[in-house]
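Below: the structure, in C-alpha cells.
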C-alpha cells in the first residue's frame, strides 16, 4: 500500500478582505498547518528497487537504508568510510566515494548501475566560526575553510544531477530526496553558513519541483531539527532532552526520508507557469517534512498557499504571469 497524505488542519485567521487587491487574479490561500502520521508499516514493498544514499554509512542515511532494506530494496551506500560492523543491512553494498569529487560520484553511480531512489544525505557541520577573525602566520586574515559548502551544497547538487541523469536515461521515473535542515527555515545563529546552505537546498527542491515531473521524477526534502547522529552526539543532545526539548532519533528522520520517496499526494504544492490544475493526484513532490522530536510537519504547501500574504497579492500575480510567459515546457 502506497502511503497517502492525510492532513490534520489547523485554521489560521486571516483578514483577507484587507489584504486582497481586487484587480489581482490569484486565489485566496488555503491556510492550514499539516501534520503527518508516518509509520513504517505503511511503507510499500520495494522489491526490485535500487536505492543510492550519500552519507549512507551512519546516522540518518544508515537509518533510512535499513528501512528501505526491510521493504525489499537493494541499497548502495556512498560514503568515505564503511558502516560499523553489523550495522548495514544485508542487501546493501558500500561504495567508497567522496561526494565533493565528480569523478568519484560518477564512478559510484556507474557501479550501482541503476537508480530508482536517490537520497542526497551526506553533510558536515560548520567547521569554524565563519565570521570571527582568524589569522595566518603572517598575521593576515585567514581564508575560511569551505568543506561545509563543498559537501553540503556542491556535493548535493552533483549527486542530484547524476541521479536525475540516470533516471531520465532509464525512462522509468524515480525519486530524489534531499536531507536539508530545520535551520533552512529557522536559521541557527551559531551556524550561519550551514543554515544558509540548507536554505539553498530547500530552494533547489522548489526550483526543480515543476520540471522533474515531466520525467516522472519527484524531488523532496526532509528538514531535521535536533537529531542524535555524529553531528549531534548524545552528550550534546542529552541536555536538550533533559530540558524537555524535542530531539529526534535517526530512525525518525530516516522514516521521513523513505516516506518522501514513496508517498503520493492529492494535490500539488503549487502551480507554476502555464499550469492551472492544483488538485492533481500524483507522486509526493516538491515538499519538505520537518522532523521535530517525534512530530512530522509538511512545510511547503502552507508556505505556497500563503504566498500572496507574505509576498504580496500583486507581486504574486505579476510574478506568476512572468513565469507563465517564460515557461519553456
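The backbone N, Cα and C atoms fix where each Cβ goes, and this holds for glycine too.
Your range for transmembrane segment, going by Swiss-Prot and the list 175-195, 196-216, 217-237, 238-258, is 238-258. If you take the C-beta of residue 58 (NADP(+) binding site) and look for same-chain residues 6 or more apart in sequence within under 8 angstroms, you find 79, 83, 84, 87, 229, 230. Closest in space to residue 121 (NADP(+) binding site), of the recorded positions given as 91, 194, 198, is 198, taking the CA atom of each residue. The two recorded residues residue 81 (NADP(+) binding site) and residue 198 (active site, lowers pKa of active site Tyr) have their Cα atoms spaced 24 Å from each other. Fewest other C-beta atoms within 10 angstroms, among the binding-site residues 81, 121, are seen around 81. Note on the recorded positions 91, 194, 198, 229: the fewest other CB atoms within 10 A surround the CB of 91.
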